[in-house]
Amino acid sequence: MRAREIQRNWQHLGKRGILFLGILIICSAANNLWVTVYYGVPVWKEATTTLFCASDAKAYETEVHNVWATHACVPTDPNPQEVVLENVTENFNMWKNNMVEQMHTDIISLWDESLKPCVKLTPLCVTLTCTNVTNNRTNANKNDTNINATVTSTDEIKNCSFNITTELKDKKKRVSALFYKLDIVQIKQSEINQSESEDRLINCNTSTVTQACPKVSFEPIPIHYCAPAGFAILKCNNNTCNGTGPCTNVSTVQCTHGIKPVVSTQLLLNGSLAEEEIIIRSEDITKNTKNIIVQLNEAVEINCTRPSNNTRKSIHIGPGRAFYATGDIIGDIRQAHCNISGGQWNKTVNQVKKELGKHFNKTIIFQPSSGGDPQVTRHIFNCRGEFSYCDTTDTVDDTEEEEDTTITIPCRIKQIINMWQKVGQAIYAPPTAGNITCRSNITGMILTRDGGNDNNTRTEETFRPGGGDMRDNWRSELYKYKVVQIEPLGIAPTRARRRVVQREKRAVGIGALFLGFLGAAGSTMGAASITLTVQARQLLSGIVQQQNNLLRAIEAQQQMLQLTVWGIKQLRARVLAVERYLRDQQLLGIWGCSGKLICTTNVPWNSSWSNKSQSEIWENMTWMQWEKEISNHTSTIYRLIEESQIQQEKNEQDLLALDKWASLWNWFDISNWLWYIKIFIMIVGGLIGLRIVFTVLSVVNRVRQGYSPLSFQTLTPSPRGPDRPEGIEEGGGEQDKDRSVRLVSGFLALAWDDLRNLCLFSYRHLRDLVLIATRILDRGLKGSWEALKYLWNLILYWGQEIKNSAINLLNTTAIAVAEGTDRIIEIVYRAFRALLHIPRRIRQGFERLLL
């Protein structure tokens, strides 16, 4: 009884243990995390890509071709979308912004492109005979807003005559034109007439000059830079953003605001304004070598004019080429100038000094430029095709201007301008007929700070207007933008696991994963199938590389195809969008996630990648924070997902190979039973027919041998001998051993007897065949074994013989060598003894002679 009680307790304990073990397994399985792929996550990283332009070019004058080629840009979006990113902090750096470099390169390319079809002024590098243009007028008061001042004859313009080639290259003619004094250099003074001199164009010994086409306009048109698909532009909306550091108010846009490509120095014109206070921006404000960009919060209007009523004439300098020059000046020769409201400018300068004082805690002093290149020491800008060089000394002095006063900035016009983007290349701006007036807004300044060794002891800091690097102009507008690349593929741990075919994972040779795209061409089909993933990836890389090569070819043929830089950028942007999409879809396809936004995998999550719990990840972290945490392990996770998918595909392929055995279960389908019965009846009928045929043939054979056929109804006993009596009634005696033929009656009995005899016949013959085959196989194996034993003994015998022969040969050789060595030693010894005894033999010979 006690044994039975213990047995019952163990049974209950076993059931409870199994239940507890099952719960433990379920709980442990529930705590396992698996890698899950997400497509479309809000993750980005800093990138450098090709931007394209958008512009409302059709809204401007259509008769002229603007140098910015905005007609090749896409139209602007009438309803631009801007999405504010909540709880996002992003770092910006305007001094290391590729958008600035890209815009700088684009503007250079646009200037070059606009000048390609224009006339080269190399034939003008001849001796110019120049005289001063005389015009006796008086200068106006500085405070007069309607300036009618004129310059003296030696100030600005000279009338020059020179020889030039006509339409016929072997003919020359003398022509004259007016040149600004800044555009010519005196060669020598005339000895006869002091007012006459020999001059040349200023560029003839340094650079080539291209005349701007007369239909080209330099009027700045707003350009919107746009990011291609797969990329985005982040915008910092902090009102006090200084262009560097973290920004907490971030939004994403597809295009920037309209940026006017104004080429100017010292003063920034027609840009954007600060929303609150004046912003001071510098890469390192403690270094005096770094420029300081000042963004104003209120625009200051500046009105510039060239009051002289000039006329323009065309001078033919060869077949199909014309040079446009100033023909005459109608009326007074008055100086170009700009007017600024004194009170407004004085207020702005004081605010700038106040902001600079916050950074240096010293007295701020503004001084004029200390000298250098005219493009830096003067405020340069373009007004309706005329390039003006203005002296800004009066704008930085410390005199307090009254509210109603006007600051007049004198300007000088140059027609030959050294292009700010290239060395050894200049542009000739054709004169513009009539009066010229431009109204602009000063929205910023570019300053430089004086250096020195006594910075710590000085109580003043001196700032001067600067510029010259057009990148600073573009930075003043692009400081709040940065380009990022959207990474829509994200990975995170979840408890969901992909249901796959469970098979033992086989090792894959690591060398196969590094084969080239065509490296598996000579491998077997099975070996090449392992590298399909690598081939797909390298095929896409080849497509991308080919597209880049094609674009480089198009860019090289830009002049032939008449493509502007915007056309190239649009081609790049479109191809780049396709490449980005194909790459993402290729990765999803390799991972077995095509067409899925959320895709589970069979890769277990490794705690070394991140040991945070699932709740900490999904409830407390953003996708950007999560991506930064696992960024060092992303490539490893991608590789494991890829290997898992490859193994799954192999398992599925093996499973498909086993599907043919699944059709065996269909044999038991009731719908197939009638077909089975029909086949059975056909087989039985065939066997019966064969039996009948064989029976008829047997009867015919016996009849031919002289026997009569047996009766189908009578059983005839076999005859007995006289010495073999039948058995007695008591059952004694020997039983009869003669067989009697059993007669059957009925069709089924006959069929069953025939089938039984046929099966026995087949069994006996198959048994005999198997026995014969077994006997033959046994004899063959025994013979093979005997042959192998004989061959092995033969090998051992001949091996021993060869060994003995080698030993004998070695012994014989050793003996021969030893005997030869002994003989050689003996001969050498005897020769040595003979040589040694020569003096003795000589002495003995002398002794015999003496005796």
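Each Cβ is built from the backbone N, Cα and C atoms, and glycine gets one as well.
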In Swiss-Prot, CYS390 is paired in a disulfide bond with which of CYS411, CYS438? CYS411
According to Swiss-Prot, which candidate among CYS593, CYS759 shares a disulfide with CYS599? CYS593
Pick from CYS118, CYS125, CYS130: which cysteine does Swiss-Prot list as forming a disulfide with CYS204? CYS125
Of ASN435, ASN811, which one does Swiss-Prot label N-linked glycosylation site? ASN435
Spatial separation of CYS255 (disulfide bond) from CYS247 (disulfide bond) - C-alpha basis, Å: 19
The recorded positions listed are ASN163, CYS304, CYS438, ASN606; by CA-CA distance, the one closest to CYS130 (disulfide bond) is ASN163
Please compute the mean pLDDT of the model over the region 'V3' (304-337). 74
Could you say which of the disulfide-bonded residues CYS53, CYS118, CYS125, CYS593 has its Cβ with the most other Cβ atoms inside 10 Å? CYS53
Pairwise CA distance, CYS255 (disulfide bond) versus ASN159 (N-linked glycosylation site), rounded so that it is a whole Å: 50
Top Cα neighbour of ASN632 (N-linked glycosylation site) in the set of recorded positions ASN163, CYS226, CYS236, CYS438: CYS236
Might you list, by sequence position, any residue in that chain lying six or more from CYS411 (disulfide bond) with a Cβ less than 8 Å away from its Cβ? CYS304, ARG306, GLN335, ALA336, HIS337, CYS338, SER388, TYR389, CYS390, ASP391
